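Under the heading signal peptide, Swiss-Prot lists 1-24, citing sequence analysis as support. The domain 'FAS1 1' annotation in Swiss-Prot covers 25-170 and is backed by sequence analysis. What Swiss-Prot records for ASN26, ASN128, ASN160, ASN186, ASN240 is N-linked glycosylation site, and it gives sequence analysis as the kind of evidence. Taken from Swiss-Prot, the feature domain 'FAS1 2' covers 184-323. According to Swiss-Prot, the region 'Disordered' annotation covers 338-393. What Swiss-Prot lists as compositional bias 'Basic residues' is 355-366. The feature GPI-anchor amidated aspartate is assigned by Swiss-Prot to ASP396, with sequence analysis given as support.
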Amino acid sequence: MAKKMSSLIIIFNILLLLTTQTHAHNVTRLLANHPSFSSFSHFLTQTHLADEINRRRTITVCAVDNAAMSALTSKGYTLSTLKNILSLHVLLDYFGTKKLHQIRDGSALAATLFQATGAAPGTSGFVNITDLRGGKVGFGPDGGDLSSFFVKSIEEVPYNISIIQISRVLPSETAAAPTPAPAEMNLTGIMSAHGCKVFAETLLTNPGASKTYQESLEGGMTVFCPGDDAMKGFLPKYKNLTAPKKEAFLDFLAVPTYYSMAMLKSNNGPMNTLATDGANKFELTVQNDGEKVTLKTRINTVKIVDTLIDEQPLAIYATDKVLLPKELFKASAVEAPAPAPAPEDGDVADSPKAAKGKAKGKKKKAAPSPDNDPFGDSDSPAEGPDGEADDATADDAGAVRIIGGAKAGLVVSLLCLFASSWLL
């Protein structure tokens, strides 16, 4: 009986693992089913707000239709200002239709992405939601008029993401205020003057990456540039990369969103980079390490050691090492076990029998040391992610999916049959 119970516990744990849901929503895919919001979706992508929305849990997007967006874009706002305005329409809480009509005490203040950026003074980044007479729900910036109203629910993935339509763009003088002109910022000049000259010069020699950086700056950007010593040691490996891989690597070291240090510390988790494009994920993970902030991939971990600039829409941080994307470098070069000790001079096999007994002392080819060569074989393609991991992404509708898909379902079914037969 004890043996059966032990087996059942193992089966239960496997079932629990296979049926664990993964957070995965894609706001632009969800909006793709609704053509009347195509302009709103387009500017979520252009301002990189879509990336920020997709990586957050429990969020509400207050979308406006194409007519309302046309009225907004006709005012000639820069992309940075549009980003601030639209970020006021992203609530950091879940409000489905039911919750909107059942707000406690009839009114609630919701924090927004605009508030989270730190650019909103006081409570100007909060939105007031109030239940009005006749079933209406009004929206307005904190302290302002309730001039926009709930129209309908567009898409809901309960307690994950809710996309609702409101009647007009939320008016906010603070969000619509002019932002610093990013074109006036000399990216490479800032890097060169603060210990990242080698990286800056490398970026300048790559027209494709330089253009991507400059075009992304207006919408907000964070760069993680390796210090000069780290970059000098990496250059031989970089020079062995193909031209497309060089550009992808440089793009990987920048995130298409502005993050102050405080924001990085409060936004731990995976982030898309400028290199993120479809199947080529090129993600990095931000994680606190005490007062330090670390950046991780499957290949290595680096620490942020200095702030070069932190002025919206641009933040540049120096790192102690070169962060390596798994898409370009092999983990085996970093994670390989230490080489076996070389045999003593006297450890020479005198006979087949003796050799067999001393096989453990046989000299092996040394694996690259993480300290001396942490960059993998740049000429070889990196190993792709596990198939099961690929199955954990959102489907075409942008909804949550079960890990492993059909494969997991088959395994679960087999385990259930096994459990039933075992008990009988």
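The backbone N, Cα and C atoms fix where each Cβ goes, and this holds for glycine too.
Features per Swiss-Prot, on structure.
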{"residue": "ASN26", "record": "N-linked glycosylation site", "Cβ within 10 Å": "19"}
{"residue": "ASN128", "record": "N-linked glycosylation site", "Cβ within 10 Å": "19"}
{"residue": "ASN160", "record": "N-linked glycosylation site", "Cβ within 10 Å": "17"}
{"residue": "ASN186", "record": "N-linked glycosylation site", "Cβ within 10 Å": "11"}
{"residue": "ASN240", "record": "N-linked glycosylation site", "Cβ within 10 Å": "13"}
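Mapped onto DSSP helix, strand and coil, the domain 'FAS1 2' (184-323) counts 54 helix, 41 strand, 45 coil.
DSSP assigns ASN128 (N-linked glycosylation site) to a strand.
The DSSP breakdown of the domain 'FAS1 1' (25-170), given as helix, strand and coil counts, is 54 helix, 40 strand, 52 coil. Ranking the glycosylation sites ASN128, ASN160, ASN186, ASN240 by the distance of their Cα atoms from the Cα of ASN26 (N-linked glycosylation site) places ASN160 first.
Rounded to the nearest whole angstrom, the C-alpha distance between ASN128 (N-linked glycosylation site) and ASN160 (N-linked glycosylation site) is 21. This prediction places the mean pLDDT of the domain 'FAS1 2' (184-323) at 91. With respect to their backbone Cα atoms, ASN186 (N-linked glycosylation site) and ASN240 (N-linked glycosylation site) stand 28 Å from each other.
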